[in-house]
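> Annotations per TrEMBL:
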TRANSMEM  7-26  transmembrane segment
TRANSMEM  46-64  transmembrane segment
TRANSMEM  76-95  transmembrane segment
TRANSMEM  101-123  transmembrane segment
TRANSMEM  135-155  transmembrane segment
TRANSMEM  188-209  transmembrane segment
TRANSMEM  221-249  transmembrane segment
TRANSMEM  261-279  transmembrane segment
TRANSMEM  291-308  transmembrane segment
TRANSMEM  355-375  transmembrane segment
TRANSMEM  409-426  transmembrane segment
Amino acid sequence: MTLPSARFLAFICSVVYAIGLAYSYVNVVQPFYVYMGLQVNSKANLYEFLVIVSFASLLITLAPDKLDRPSSVLSFFVFFIVYMPAISVSYFSLAVHGDTYIKLFISLTLGVLVIFFVPRLKLKMVYVKGFSARQFWAIFGFLIVFLSVFVFSFYRLNINHLIQLQQLDALYDIREEYRATSSGIPGLIQYFFTWLIKIVAPFVVIIGLQIRKWYLVVSGVLFTILLFSISGHKSIFLSLFLIFGAWFFMRSNGGATFLRLSLFFFGLTTLGLALDYFGSSLINDVLVRRMLIIPGVLSGYYFEYYGVNEFAMLGYSVLGGLFDYSPGLTPPFIIGNEYFGRAEMSANVNFMASAYADFGVVGVILFSAVAAVLYRFLDMVALQKKISKTAALLVLMPSWALVDSTLLTVLATHGFVLLILIVVLLPRKDFVDR
């Protein structure tokens, strides 16, 4: 298939994908969760919606051809999991369109364009020598031991948790115990735990896959299971499916092209609707609703609330000394209380919508540019070391975190800075893409 034909088909799939998300929200999700305050805009116009999602889908013709380097992973997550759900779902979930939806559409479109085009900038090649394989593994081994000693000392891994994993209901007991333990330990230890989940364990699995060292793969999977037994969060297990799926996808004949990715999301929404029609809501509940539709709804809420209220200006965080944010709460808790009536609810959203909450349209463009530059830096380091595909796999977890976290949170809490350091220190010859 020629490139123009492939891009046209990807465009069609993206349009149908957006329509499927909107249909799922209006006919499946909203009726079931109406008690939470979800609503459908009675003045929504179908023809206007089709024009909007068609224009939004045109952006896929500007996307990278395939998933083969860190910046392409960012483009993939932003377009399919942040941009399209926000554009399609919020059109129906917002009570009133007007300026709110226009700002959302313009802001996110500009952010996507920045993320698509920054990696195309021709910059001077970054030369990083890195360590020898022996030096690197010594440092990485020390890192694993150091983090694990602190984590397992405070959380005190209980072998009974592994036995309880045979019962699905036991997950909720494990989560409650994890929350209770986390509330009484230093925040730094919680960071360490997240770094093990998001960076260290995936690194062991991915490197094992790339250099065909299956004992590393098995070790990484077992270590992930141990971490899962501490918190009971299903996302830890889903991360393994994401890693293995992306690895097989990238190794397939033709690679992980954006056409294939658009076909995947088109198929996902279609399958979810079909199964729901026949009485099975598994796909819609686990993947479509949680991963795509609700984040799209929250994006609209953020733009609606902060379109008429003061911007946070990071006054609740690193810029607290410069800006006084009068509500005294972080945006996720404000949105949780405002739209769901639950003061304890943290309605986390993607890094673009959270950037709008902080600095408006300028914030979306600025934080998109910062993210794009960081991924572009990883592109150049990986290209110089001939590990572009390996680096693309390594950024999967931090990229996934950007779907429901701020950029600053991903850099620190989710360990993206640690991952950048690891990629920089990787030996030049021992992890070459195969």
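Just so you know, glycine gets a Cβ as well, placed from its N, Cα and C.
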> Report yes or no: does the transmembrane segment (76-95) come within contact of the transmembrane segment (7-26), defined as 3 or more CB pairs under 8 Å with a sequence separation of 6 or more?
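Yes, the transmembrane segment (76-95) and the transmembrane segment (7-26) are in contact.
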> Below 8 Å between Cβ atoms, which of the listed ranges 188-209, 291-308, 355-375, 409-426 makes the most pairs with the transmembrane segment (7-26)?
291-308
> Could you check if the transmembrane segment (291-308) is in contact with the transmembrane segment (101-123), meaning 3+ Cβ pairs under 8 Å among residue pairs at least 6 apart in sequence?
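Yes, the transmembrane segment (291-308) and the transmembrane segment (101-123) are in contact.
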> Can you name the far-off residues of the same chain, 6+ from the ends of the transmembrane segment (409-426), with a Cβ under 8 Å from a Cβ of it?
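Those are 128, 130-131, 136, 139-140, 191, 194-195, 198-199, 203, 351, 374, 377-378, 381-382, 385, 387, 391, 394-395, 397-398, 401-402, in sequence order.
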> With pairs 6 or more apart in sequence, are the transmembrane segment (355-375) and the transmembrane segment (135-155) linked by at least 3 Cβ pairs under 8 Å?
no
> Which residues, given as numbers and ranges, are at least 6 beyond the ends of the transmembrane segment (101-123) yet have a Cβ under 8 Å from it?
52, 56, 59, 62-64, 69, 71-72, 74-75, 78-79, 82-83, 86-87, 90-91, 94, 299-300, 303, 307, 352, 355-356, 360-361, 364-365, 367-369, 371-373, 375-376, 379-380
